[in-house]
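S.K.: Pasting in a structure now, in structure tokens, and then I'll have a few things to ask.
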There are 2 protein chains.
Amino acid sequence: MSQFQLSMDPHDDVNHNVVNHNVVNHNVVNHNDDDEENDIENPGDLDFKEEERWGSMSERNMSSMKMPLLRKRTNTTSQIAVVGANSCPIESLDYEMIENDLFKQDWRSRKRVQIFQYVFLKWGLALLIGLATGLVGFFNNIAVENISGFKLLLTNKLMLEGSFFKAFLAFAGCNITFAAAAGVLCAYIAPAAAGSGIPEVKAYLNGVDAPSILAPSTLFVKIFGSVFGVSAGFVVGKEGPMVHTGACIANLLGQGGSRKYGLTWNWLRYFKNDRDRRDLITCGAAAGVAAAFRAPVGGVLFALEEAASWWRSALLWRTFFTTAVVAIVLRGFIQYCWTGKCGLFGQGGLIMYDVSKEVSSYGGYDILAVIFLGVVGGVLGAFYNYLIDKVLRTYSIINEKGPSFRVLLVIVISVLTTCCAFGLPWLAKCTPCPIDAGSKCPTVGEIGHYKRFQCPPGYYNDLASLFLTTNDDAIRNLFSNAIIREFQMSSLFIFFVAIYFLGIITYGIAVPAGLFIPVILGGSVYGRIVGRVFHSLSVLDTGLFSLLGAASFLGGTMRMTVSLCVILLELTNNLLLLPLVMIVLLISKTVADCFNHGVYDQILKLKGLPYLEAHAEAYMKHLVAGDAVSGPLVTFSGVERVETVVHALQSTGHNGFPVINEPPFSDTPELCGLVLRSHLLVLLKAKYFSHDSRLSGRDIRKKFSPFDFAKPGTGKGLKLEDITITEEEMNMYIDLHPITNASPYTVLETMSLAKAKILFRQIGLRHMCVVPKSQGRSPIVGILTRHDFMPEHILGLYPHMRQHK
Amino acid sequence: MSQFQLSMDPHDDVNHNVVNHNVVNHNVVNHNDDDEENDIENPGDLDFKEEERWGSMSERNMSSMKMPLLRKRTNTTSQIAVVGANSCPIESLDYEMIENDLFKQDWRSRKRVQIFQYVFLKWGLALLIGLATGLVGFFNNIAVENISGFKLLLTNKLMLEGSFFKAFLAFAGCNITFAAAAGVLCAYIAPAAAGSGIPEVKAYLNGVDAPSILAPSTLFVKIFGSVFGVSAGFVVGKEGPMVHTGACIANLLGQGGSRKYGLTWNWLRYFKNDRDRRDLITCGAAAGVAAAFRAPVGGVLFALEEAASWWRSALLWRTFFTTAVVAIVLRGFIQYCWTGKCGLFGQGGLIMYDVSKEVSSYGGYDILAVIFLGVVGGVLGAFYNYLIDKVLRTYSIINEKGPSFRVLLVIVISVLTTCCAFGLPWLAKCTPCPIDAGSKCPTVGEIGHYKRFQCPPGYYNDLASLFLTTNDDAIRNLFSNAIIREFQMSSLFIFFVAIYFLGIITYGIAVPAGLFIPVILGGSVYGRIVGRVFHSLSVLDTGLFSLLGAASFLGGTMRMTVSLCVILLELTNNLLLLPLVMIVLLISKTVADCFNHGVYDQILKLKGLPYLEAHAEAYMKHLVAGDAVSGPLVTFSGVERVETVVHALQSTGHNGFPVINEPPFSDTPELCGLVLRSHLLVLLKAKYFSHDSRLSGRDIRKKFSPFDFAKPGTGKGLKLEDITITEEEMNMYIDLHPITNASPYTVLETMSLAKAKILFRQIGLRHMCVVPKSQGRSPIVGILTRHDFMPEHILGLYPHMRQHK
């Protein structure tokens with residue numbers, strides 16, 4: 001009722017006396033904020049308007065290799081176009097970034113207990129995410145070290161016995177078994193778990209929820225698939241998957257599993273909104289990086305620089321707490337492992353690739369070498385991205401044919417990788433063991449710099465030392481200065497080419513595959529080669545050149561700056577090298593940016609996820625907001641016939657409908673606000689209908705708690721089919737005011753489209769109302785959603801803009 | 001003209017056919033974006049509306065000690081209320097965060113050369129800022145080390161000769177001379193240079209430009225005042241001033257000095273807008289931190305976490321580049337100093353307080369000790385902030401009496417500091433030199449752990465080792481584990497109390513004074529005391545306890561997290577301690593947040609700077625945008641009489657005026673856009689008037705280049721008094737369309753005030769138009785500016801909201 005008083009108030013005087021305004025009038029504004037907050041999303045529903053649009057788009061640009069995979073095959077393909085999944089279109093989450101509903105409630109009814117619950121739970125969840133991610137990260141490490149350690153020990157033992165064929169069989173058998181295990185898990189149980197997962201997390205935090213990307217099954221497959229994938233000797237990392245794992249854990253904890261958890265479930269109602277979910281996922285992603293690299297500060301910065309689209313300082317604070325917990329958990333476990341109870345995972349502290357012992361003085365020639373390193377690293381990185389894009393597009397054709405084809409592809413790549421790892425070392429000459437070798441030469445165990453391979457006693461094969469070991473140990477070997485001249489140039493070169501191309505062809509297959517380790521590995525070999533070339537001029541350790549090479553290659557592919565810098569710092573514990581790492585990252589990023597986008601952005605685009613960039617395209621400045629509005633606008637009256645509502649919900653896929661007050665409820669037609677599909681469904685289900693067109697808002701409001709409109713977990717929302725409405729009810733009326741968000745964000749139709757887009761993106765909107773400039777017309781011109789700002793859509797409407805893109 | 005076509009277009013159909021829309025129509029939107037970009041600010045002008053409001057505010061809350069200093073004495077006091085300055089009110093910058101005007105130009109006229117110039121200059125300026133700040137930082141270091149080194153050597157020499165009184169005279173003489181020099185510089189030349197400067201930089205980046213805070217004179221005084229202040233033995237740091245220095249340097253470089261620089265000046269026109277200026281200042285602040293702590297990554301994070309209000313990833317990238325340059329410059333200079341050509345500034349690398357050699361293993365008891373450290377550090381920090389607030393309010397009474405009183409206050413505090421430094425060591429017992437002392441005992445030179453002071457040969461005075469040295473060396477002594485038991489508990493305790501209170505009483509005086517060093521110093525003593533208490537249980541080095549104590553105290557006062565963590569890491573080069581530092585920061589911040597705000601926020605509030613917080617207050621949810629609109633609204637017609645415009649400019653202090661199109665220029669009255677005072681002045685000066693009311697926009701537009709409307713430097717804008725308009729001209733007409741921003745941000749009057757505030761803050765607006773909900777009324781209800789969102793204003797209008805604050 002009170003809301004109506006407000007909207008019917010004759011505000012005819014421009015400078016109306018504000019002091020006399022009664023505050024009680026405004027409770028509704030507050031109430032409606034609550035509603036808006038609880039954006040229920042029905043992930044199964046398809047925005048038909050969107051579908052049509054994508055459909056027409058795809059007819060326009062059939063220039064195959066250039067277009068996003070998803071658009072090309074709108075209805076037949078998966079959301080994970082690259083690996084494929086069950087056919088399901090993309091839908092958008094588009095957050096309304098407003099305060100948590102708890103604090104929105106009337107201060108008269110706000111309960112201290114609830115605030116305590118909320119704050120307690122917020123930090124409790126951060127703690128839990130940290131603990132769980134730390135635990136998983138540790139488990140991951142231990143499992144990989146033990147499984148691949150066992151494999152390598154077996155192979156090494158058979159090699160030392162001289163039975164090369166047996167050794168190959170054992171090696172290949174292990175590899176292919178693990179690879180097939182990872183492939184089967186990934187292809188049959190959770191295709192969304194394939195790949196790095198960072199692009200999907202990034203898209204989620206931008207408001208695009210790819211189906212089942214954070215589901216429990218994905219989490220399960222991500223963890224075990226990653227362990228098997230890395231153990232299978234693929235040139236993949238477990239770091240990207242850890243980020244995804246962290247996000248999945250955060251999502252799972254935030255949802256509380258299922259309804260059967262009683263109290264926990266009840267408390268978790270505070271987190272059933274977009275903003276809190278997004279915050280949790282951000283914490284999870286940061287925790288994932290922290291666990292993967294044992295780099296807590298790097299994790300926070302990664303979340304800030306790469307993952308998150310919206311950031312608040314409160315979030316900095318919470319992610320920082322989460323990663324601190326991860327660091328402490330990891331440190332505790334690692335300390336426990338010093339007792340030798342973790343099997344083959346014995347040594348190693350919090351620093352993964354410690355180079356703090358190496359001398360890091362450098363002179364003018366070193367700076368020159370570093371600049372060269374940066375430039376070439378940038379070019380190599382950009383080329384890497386280019387090739388990955390091409391390979392992913394090719395693989396998607398295979399992956400679409402079905403899960404069995406995906407597993408087959410995994411096995412083929414596994415065989416190829418195995419052959420490279422076991423075959424290429426034969427090309428290397430045997431090197432006599434150095435007299436002053438720090439460690440035993442040739443190595444007996446699974447780690448160590450000096451693998452004997454086919455060599456006679458007293459000799460070692462340097463290429464085998466790189467190939468027949470875990471990726472982590474290979475990086476450690478390359479970073480170390482212990483063996484300055486032990487790697488022959490030819491070996492380094494062979495290893496570089498192999499790793500570079502194996503990394504590219506491995507990424508698109510159906511196993512969880514991180515990009516960090518392949519890139520660091522490739523970069524460190526390349527850096528070592530450059531270091532050897534400049535050896536006579538430079539004073540810097542060759543091991544440090546490796547580190548700089550890794551930095552340059554990382555900068556060239558991922559295009560991050562501060563977070564990479566801090567992660568590398570935390571990985572290697574050598575602060576004195578910081579200025580050089582900064583230069584190299586800056587140069588390689590700048591060079592690579594001349595060619596193409598970062599690898600994650602490229603994958604996002606490739607998958608056709610409607611990622612909303614922070615900036616507006618140049619041509620948008622030549623359009624106004626009214627130009628981007630398209631499709632028929634469906635509006636409701638403040639008190640609407642049930643049949644009209646049901647029909648609108650059935651016939652359109654819109655998630656938001658403007659509500660317009662018309663006489664007799666107002667003097668002139670005016671925009672009352674925006675109502676969400678999900679809230680309409682809740683209201684329809686409750687069946688608070690009346691026989692005549694009258695305001696029944698106050699009664700309705702009493703019967704609902706704000707949490708009735710809380711956003712349910714993925715796939716758990718109400719559907720129109722769940723509601724049965726009789727013929728008689730169809731002719732009744734429903735008062736939409738109680739669930740109408742009376743404060744929608746609006747722009748005038750003459751607002752520059754570029755500015756409208758920036759507004760949309762910065763506030764993190766889901767719907768933006770376009771209102772007319774002149775009077776005497778309908779009070780709303782149209783609604784802009786995320787898809788209306790996509791370049792594809794706008795260029796579709798105005799093809800002549802394309803030339804000025 | 002084309003703009004008019006657009007606005008007169010009868011858009012009566014809601015779903016107008018967008019594809020048929022002609023793009024040519026929209027060029028004007030683009031053009032008007034240009035205009036809006038070039039927000040000229042007239043810093044001298046006072047927003048009269050604001051003044052009235054503050055005036056009425058101050059009458060309401062006369063509960064003295066609680067209210068901001070500036071509000072209490074609106075017209076009599078300075079912007080730097082604490083130290084005082086020439087009487088000048090605060091005015092707001094309020095950025096319109098839109099793209100740089102260069103890229104806004106019509107793509108047909110956009111010149112590649114201009115883009116190249118812009119990009120080249122953008123990076124060139126970042127490079128220059130880095131170089132200059134690095135240079136100044138290095139100069140600062142060298143000057144301080146040499147001046148205070150000379151002073152300490154002299155004192156030490158006289159002490160060793162046994163002439164204590166002479167030594168005291170020399171010590172006190174030096175101190176008071178330097179202090180007076182700093183005080184005179186600061187009080188007479190640039191009062192804005194007093195204090196840390198971080199709150200002012202923070203306010204600038206939020207859109208509040210305190211007068212002359214970034215002026216060249218401020219820069220000059222900041223550099224030399226800081227050198228003298230630190231050399232005078234005050235308990236102040238040079239770190240906060242370095243941040244301010246960096247910001248000043250950035251401002252100076254961005255403005256290009258003066259018009260006489262020809263080409264440079266011309267190129268710099270691209271940076272004459274709020275956004276680019278803000279970006280430069282952000283880079284400058286980051287460079288300042290990087291130079292002060294030799295912590296490049298910490299600098300970036302400081303800018304991100306503490307300084308900046310708006311952040312884009314492009315900025316991360318540019319600040320990172322700037323701090324990398326600083327790091328390289330500093331490293332180059334420091335390497336040069338190893339040759340011994342820098343006087344007393346001889347040793348030291350990039351790491352200021354290196355503790356990487358100390359053993360950083362820790363057990364369960366250490367964690368307990370660390371938690372205790374964090375809790376007490378938080379309490380101490382909060383109490384520190386509380387006392388600083390009280391002292392600043394007291395000092396402001398003295399400071400207001402005139403520059404000579406300010407200098408007097410400086411001298412009084414200097415005498416007090418000198419007496420403490422020279423008097424308190426007499427309380428300490430002489431300790432026999434340890435047999436295995438690494439360095440010479442007692443120390444002969446100006447540094448070293450073992451000062452002899454009054455002790456017989458073979459003995460040393462531990463308190464003198466802390467007091468009679470530079471702050472940096474005192475911190476180094478406290479952090480080092482070389483002298484585990486050499487500090488007596490009583491000495492530590494005396495030193496802690498002295499530093500804690502000296503730090504508090506020193507901050508408000510008229511010298512550039514950083515807070516970092518006093519806090520780190522106090523914290524490290526306190527940490528060492530706790531370390532000694534827990535000594536029997538813990539395994540951690542006492543020096544590391546010092547570091548953790550410093551972290552806890554920093555967390556308790558400044559309330560930063562990630563940036564402090566990284567700065568401490570880069571200061572001490574001990575990555576293994578990271579988890580402990582994180583815990584301690586989290587705990588101390590959490591504890592201190594229970595009591596009051598961070599010290600910088602407190603100073604901001606104390607100075608009455610209208611800082612716009614990122615969140616909305618709870619009571620704003622009970623109000624709507626229309627409620628906050630106050631004061632008479634002055635609007636113009638699209639073609640307006642010159643007299644009306646001049647009168648409006650004379651009689652109001654508004655910076656923005658809505659332009660309304662009325663018949664015959666449109667069918668119904670409609671909002672055409674917003675025109676800025678500064679643009680009006682440019683147009684008036686050019687005198688493109690017509691005798692009758694007609695559209696002359698196209699002619700006018702041809703005669704201006706976008707850069708004619710570029711925002712001039714502080715104090716350089718056009719003033720109304722500079723323009724003489726004849727009686728005849730007064731009766732002529734002026735077409736406002738060419739300079740009207742046709743895309744103002746609008747909200748409906750029924751929009752929740754909380755949401756409107758978040759919109760205002762997130763987009764970084766300066767003016768927000770409130771439009772009516774119902775038709776048949778004036779097309780604009782009012783304008784909201786920064787001041788309308790200030791809690792003081794809203795609570796002034798709605799005093800009953802206060803209880804629910």
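Each residue's number is its place along the chain shown, starting with 1.
Every residue gets a Cβ built from N, Cα and C, even glycine.
In TrEMBL, annotation is done automatically, which means it is predicted and not curated.
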S.K.: TrEMBL lists transmembrane segment for one of the ranges B:533-554, B:599-620; which is that range?
M.R.: B:533-554
S.K.: To the transmembrane segment (B:164-190), which of B:118-144, B:280-303, B:492-521 is linked by the most Cβ pairs under 8 Å?
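M.R.: Looking only at B:118-144, B:280-303, B:492-521, the most contacts with the transmembrane segment (B:164-190) come from B:492-521.
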S.K.: What residues in the same chain, six or more past the boundaries of the transmembrane segment (B:118-144), come closer than 8 Å to it by Cβ-Cβ distance?
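M.R.: The answer is 100, 102, 223, 226-227, 230-231, 238, 242, 245-246, 249-250, 253-254, 267-268, 270-271, 276, 280, 283-284, 287-288, 290-292, 318, 321-330, 333-334, 337, 342-343, 345, 470.
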S.K.: Compare B:280-303, B:315-334, B:407-428, B:492-521, B:533-554 by their Cβ pairs under 8 Å to the transmembrane segment (B:367-387) and return the stretch that comes out on top.
M.R.: B:533-554
S.K.: Where else in the chain does the transmembrane segment (B:492-521) make close Cβ contacts, counting only residues six or more beyond its ends and a cut-off under 8 Å?
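M.R.: Beyond its ends, the transmembrane segment (B:492-521) has Cβ neighbours at 82-83, 179, 182-183, 186-187, 191, 193-197, 221-222, 225-226, 228-229, 232, 234-242, 244, 292-293, 380-381, 384, 387-388, 391-392, 394-396, 399, 406-407, 409-410, 413, 416-417, 420, 424, 427-428, 463, 466-467, 471-472, 474-475, 478, 528-529, 532, 550, 553-554, 557-558, 599.
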S.K.: Per DSSP, what is the residue count of the domain 'CBS' (B:739-803) in each of helix, strand and coil?
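M.R.: Across the domain 'CBS' (B:739-803), the residues distribute as 28 helix, 12 strand, 25 coil.
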S.K.: Going by DSSP assignments with H, G and I as helix and E and B as strand, what are the residue counts for the domain 'CBS' (B:628-693)?
M.R.: 21 helix, 19 strand, 26 coil
S.K.: In the same chain, who gets a Cβ under 8 Å from the transmembrane segment (B:566-587) while lying at least 6 residues past its ends?
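M.R.: Hits for the transmembrane segment (B:566-587): 289, 293-298, 301-302, 351-356, 358, 360, 362, 366-367, 370-371, 373-375, 377-378, 479, 544, 547-548, 550-552, 554-555.
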S.K.: Averaged over the whole of the domain 'CBS' (B:628-693), what is the pLDDT?
M.R.: 84
